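Asker: Before I ask anything, here is the structure I am working with.
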Amino acid sequence: MRAVSAEKASRRRRAPWLPGLLLRLLLWGCAGGRAGYLRRSSSCTAIPRGMALCYDIGYSEMRIPNLLEHETMPEVIQQSSSWLPLLARECHPDARIFLCSLFAPICLDRLIYPCRSLCEAVKRSCAPVMACYGYPWPEILNCNKFPADHELCIAAVSTDESSSSRRTVPRASCKDCELEEASTAREILDSLCANDFTVKIRILRKNTTTTVSDFELDPSRVEVLKHGPLLITEIPGRLQQWLDIDATCAHNIMRGTHAGVFVISGEVQSDKVVVNKAYAWQKKNRNLHQAVRRWKHHRCPEQAGRKV
């Protein structure tokens, strides 16, 4: 077996699933198992920096043609780039591994497909997000085409027993959620009136090592400005549920920081809350500070109408 460079070794250490795959490949070969046969025209090539989907995935060389029958690198780069927006939605922590196993199959002496269970897990979380934008789950990613778990294949990483979190995989929301600019105090007050609830909270990022970060609410830093149909005592739990299931919204609000204080408002939809507005609580946001100070004595239009 060829010696690998320090750079390649470093890349492999950053792919926690790779050592397990190589071990399975060794055992599979000893047992006389079968995997996908290589085409005569198949060759190994470096994953270029221009292939943003899979560059620095944990290995440096890929097979071409790939498992989606793309024949040239320009075609691979073009087709793979169309999946970057989905990754940005953080719909599943293993989405990148799944896609790269097809677009940039690891350069071994045989073709290794993703396991059917990996495909199904990614599809379960990501297909609804694609549907938000009118795109169906493509037939080329039909999970029935991929091998069962007992065969040689690339398995899911996020379900590993070593995972520190056993919560449900976060799901991205169809609704975009970004930090708002605190334009004027009046506009902020109108926004607070239009929503079911408003709270000032502190959010903490629990990890930065996985594709989808975990966030948690600081229970000592929850200030309820408006509770609407919610009981004040149930708000922390509802907000933690929101942080658990709406990965995209929480990620966009945090903007790469490890902790932050925010004023958020939203609506109650059956058994969950949906955040519609989020403002960063910072000294420079004077309009936000002014709106929060005025909120206690502010009357929303419908309240003023009932008073008359």
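Sequential numbering from 1, following the chain as shown.
Just so it is clear, glycine is given a Cβ too, placed from its N, Cα and C backbone atoms.
In TrEMBL, annotation is done automatically, which means it is predicted and not curated.
Take a look at what TrEMBL says about it:
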- 1-32: signal peptide (SIGNAL)
- 39-156: domain 'FZ' (DOMAIN)
- CYS54-CYS100: disulfide bond (DISULFID)
- CYS119-CYS143: disulfide bond (DISULFID)
- 174-300: domain 'NTR' (DOMAIN)
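Help me picture where these features are in the structure shown.
Answerer: Regional average pLDDT for the domain 'FZ' (39-156) in the model is 90.
Taking Cβ-Cβ distances under 8 Å and a sequence gap of 6 or more within the same chain, the neighbours of CYS100 (disulfide bond) are LEU53, CYS54, ILE57.
Shown in sequence order, ARG116, CYS119, GLU120, LYS123 are the residues of the chain, 6+ apart in sequence, with a C-beta less than 8 angstroms from the C-beta of CYS143 (disulfide bond).
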Asker: Return the count of C-beta atoms lying within 10 angstroms of the C-beta of CYS54 (disulfide bond), excluding that atom itself.
Answerer: 25
Asker: For the domain 'NTR' (174-300), how many residues does DSSP put in helix, in strand and in coil?
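Answerer: So the counts come to 42 helix, 42 strand, 43 coil.
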Asker: What number of additional C-beta atoms lies within 10 angstroms of the C-beta atom of CYS119 (disulfide bond)?
Answerer: 26
